[in-house]
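K.L.:
Annotations for this protein, taken from TrEMBL, read as follows:
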type	residues	note
DOMAIN	A:14-299	domain 'UvrD-like helicase ATP-binding'
BINDING	A:Ala35, A:Gly36, A:Ala37, A:Gly38, A:Ser39, A:Gly40, A:Lys41, A:Thr42	ATP binding site
DOMAIN	A:300-582	domain 'UvrD-like helicase C-terminal'
Amino acid sequence: MQKTEKNSDSGLLSHLNEAQRAAVAFCDGPSLVIAGAGSGKTRVLTYKIAYLLEQGLPPYYILALTFTNKAAREMKSRIADLVGEKRARRLWMGTFHSIFARILRSEAEAIGFQSNFTIFDSSDSNNLVRLIIKEMELDDKQYRPGVVHGQISRAKNSLITPAMYAANTEIIQYDRMAKRPQLFEIYQRYQSRLRSGNSMDFDDLLMYTNILFRDHKEVLEKYRNQFQYILVDEYQDTNFAQHLIVKQLADAHHRVCVVGDDAQSIYSFRGANIDNILKFKSNFPGTQIFKLEQNYRSTRNIVNAANSLIKKNSEQIFKNVFSENEEGEKIEIRSAFSDFEEALIVSNKIARMRLEKYAGYNDFAILYRTNAQSRAFEEALRKNNIPYRIYGGLSFYQRKEIKDIISYFRLIVNPNDEEAFRRIINYPTRGIGAVTVAKITSTAQRHNVSLWQVVTAPLEYNLDVNTGTAKKLEGFYSLIQGFIDKNETMNAFELAQEIIKNSGIAKEAYDDMTPEGMSRAQNMQELLNAMNEFVETQQEQGEENIRLADFLSEVSLLTDQDTDNEADNERVTLMTVHSAKGLEFDHVFVVGLEEDLFPSAMAKSEIRGLEEERRLFYVAITRAKKSCTITYAKSRFRNGQTNPATPSRFLKDIDSSYIEGGENDFITRTAPADDFWGSMREQRLQNTMSNHTITPKRVVPVQRVASSTPLSKEAQELEVGHIIEHERFGRGVVTSIEMSGNDRRAFVEFESAGKKQLLLKFAKFSIVE
DNA sequence: GTAGGCCCCTTTTTT
DNA sequence: AGGGGCCTAC
């Protein structure tokens with residue numbers, strides 16, 4: 001950022017530019033800070049909090065809501081640098097979900113929950129929806145669990161309860177049109193199932209907070225008084241439920257500051273409503289608006305290119321983002337034949353740039369639209385011996401073996417948790433199958449109790465099972481009850497060890513000597529390590545009895561992004577554009593710029609969707625500090641098939657003057673000017689084999705030859721009969737070599753690409769034999 | 001009641 | 001390519 005951090009107790013404001021200073025110093029009413037990409041948004045938030053503390057506001061009177069746990073942690077530590085660890089620690093700072101989960105736990109009784117409620121993650125939610133659909137004997141093609149849950153989620157984020165949903169003729173009409181007339185009932189059942197299991201899903205954390213505030217004014221009053229100043233980061237990505245929470249809490253004193261950038265709103269699929277930021281001023285009369293327009297992160301070229309892109313969107317708050325940094329390199333757009341070659345090009349460029357620019361691996365990031373794209377890059381990086389770290393995808397806590405163990409924890413802490421019960425009633429196998437579980441379920445429903453309660457007293461509920469099964473159920477009951485008893489005295493780590501040992505999980509894990517089994521065992525060990533660490537750090541901070549519940553509530557809102565170990569940071573970062581929000585890297589590769597991928601096929605039917613995709617691309621480009629490379633492939637392997645792909649429409653949205661070789665159309669501008677012939681061939685090739693699939697059989701790292709250097713060793717030694725591996729055309733045999741002017745030219749018969757002629761001065765290949 | 005194999009379907013992004 | 005659901009054989 002623009003100035004070096006100084007730990008000074010006077011003149012905090014002197015570290016800021018004029019716009020930032022104004023935003024920080026205004027504390028008497030509602031304010032909206034429109035912060036362009038890289039304009040020091042986090043800096044404003046941290047300094048503002050530090051400033052409030054300096055003014056004498058106690059830290060526990062400040063509520064600061066961030067988008068991710070990681071953002072909260074980072075901000076906290078930066079504030080600690082300014083005002084000291086002690087005060088920083090007492091701030092109420094975290095994500096909406098984690099802060100209000102905490103509040104809901106302490107106010108649980110008011111809304112009819114116990115404070116040990118479980119939090120369902122999305123896969124738990126989907127499972128429950130799937131189960132209900134099955135119970136209602138509905139067609140799960142018509143009612144796809146994911147889609148149904150998505151609809152429920154949207155309803156909750158708009159604070160539409162099941163009752164309101166069923167009463168809303170417009171929605172009912174819509175569902176009927178969509179051939180899902182029973183959706184309201186699924187929602188109803190889903191919600192009451194969660195409640196009877198003393199569980200909440202992610203959306204409930206926000207919805208019940210609103211219900212709590214609505215129905216218990218004294219509670220609302222309490223938190224209104226406590227949170228004397230409220231700050232919200234990434235406001236453009238809040239939904240209605242979040243907006244209303246903020247509004248209610250701030251309504252008495254109006255000391256609220258929200259920060260965001262409408263141009264970076266990328267979460268509408270999750271209910272985020274861009275209107276929250278666009279209409280903030282009318283929601284909070286007297287709002288002061290501050291605009292941060294100077295970008296300190298990126299070169300002028302990158303900022304200008306991004307601006308030219310985002311200009312193509314219609315709805316936005318006017319702002320003029322500019323940079324006073326050096327002009328920097330132009331954006332390079334490169335095409336590849338296939339996704340594999342795309343990965344190869346990127347990994348080669350990383351290897352080269354690392355040497356040329358003395359960059360560390362952690363200065364590089366590869367950003368893609370979908371998680372599935374990571375695979376090709378992983379492979380190419382591994383082959384080039386480039387260390388990398390993937391964020392997202394299957395997070396550690398989503399792995400089956402981990403979720404199974406966590407389900408034990410959940411059932412112990414909250415025995416009414418139906419989802420957890422189902423997961424482990426027969427894991428490891430103990431002879432309690434689907435039939436028995438179905439009986440338990442119907443018995444439970446008949447008596448309106450939880451599955452666990454049936455198991456605690458099968459006779460009382462007339463559970464109809466034979467003696468053998470009854471015995472097995474008894475065994476399961478005493479196993480879990482034993483853990484519940486031990487939970488009274490043991491700390492989280494000790495109990496976890498006990499569970500893994502006594503449940504039979506350990507035996508199963510050790511017996512499995514397959515590589516997958518061993519990695520599962522390893523993951524379990526890692527979970528234990530994490531728990532041990534959790535317990536120890538909590539103890540260091542003076543907490544005494546660290547119970548399973550403490551670990552669980554910590555862990556259920558954790559995502560992969562939050563668990564990064566600082567130790568191995570010399571790595572290239574691979575992540576989706578979504579998860580890159582708020583981060584920055586010296587050198588960024590935005591990959592897969594193809595129609596139906598980026599923009600996603602899902603989004604392009606509507607203008608709104610398309611504009612969101614464009615904002616996403618904007619976010620991707622603005623992550624870059626020094627250089628940005630964009631790639632696309634002409635064929636891509638997706639869903640088990642190789643399909644032809646066309647370049648993304650977004651490429652045309654970037655003003656060509658900011659693009660390397662920008663005067664040419666990007667279709668022909670395949671590689672830097674050194675490869676004119678190559679691009680001609682590619683075009684011909686694409687025309688003649690539009691429906692063919694091109695997948696190199698082997699991907700071999702290819703030595704790159706800079707065009708300015710004299711002939712490479714490879715090129716000098718090349719002879720007729722050699723077999724070569726070409727960066728783009730794959731493997732081929734040299735049929736003849738001739739001189740053309742001052743240059744040698746080789747004729748090569750490629751296995752898949754056919755006959756080609758290569759100018760040896762420029763060709764990128766290696767000799768195989 | 002369980003295990004193993006086949007077939008289907010999938011994919012956008014995440015707290 | 002991969003996971004999950006469903007069916008069949010024991």
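Note that Cβ sites are derived from N, Cα and C of the backbone, with glycine treated the same way.
TrEMBL does not curate its annotations; it predicts them automatically.
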K.L.:
Could you check the binding-site residues A:Ala35, A:Ala37 and say which one's CB has the fewest neighbouring CB atoms inside 10 Å?
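P.N.:
So among A:Ala35, A:Ala37, the binding-site residues given, the one with the fewest Cβ atoms within 10 Å is A:Ala37.
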K.L.:
Taking 8 Å from the centroid of the Cβ atoms of A:Ala35, A:Gly36, A:Ala37, A:Gly38, A:Ser39, A:Gly40, A:Lys41, A:Thr42 as the cut-off, which other residues in that chain fall inside it around the ATP site?
P.N.:
A:Arg43, A:Asp261, A:Leu292, A:Asn295, A:Tyr296, A:Arg297
K.L.:
Fewest neighbouring Cβ atoms within 10 Å: which of the binding-site residues A:Ser39, A:Thr42?
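P.N.:
Looking at the binding-site residues A:Ser39, A:Thr42, the Cβ with the fewest others within 10 Å is that of A:Thr42.
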K.L.:
Any idea what DSSP makes of A:Ala37 (ATP binding site), helix, strand or coil?
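P.N.:
DSSP call for A:Ala37 (ATP binding site): coil, neither helix nor strand.
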K.L.:
With every protein chain in view, how many other Cβ atoms are within 10 Å of the Cβ of A:Gly38 (ATP binding site)?
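P.N.:
A:Gly38 (ATP binding site): 25 neighbouring Cβ atoms within 10 Å.
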K.L.:
Please classify the secondary structure at A:Thr42 (ATP binding site) using three-state DSSP.
P.N.:
helix
K.L.:
Mean pLDDT for the domain 'UvrD-like helicase C-terminal' (A:300-582), as a whole number?
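P.N.:
Summarising the domain 'UvrD-like helicase C-terminal' (A:300-582) by its mean pLDDT gives 87.
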K.L.:
Counting across all protein chains present, how many other Cβ atoms fall within 10 Å of the Cβ of A:Gly40 (ATP binding site)?
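P.N.:
For A:Gly40 (ATP binding site), the 10 Å Cβ neighbour count is 24.
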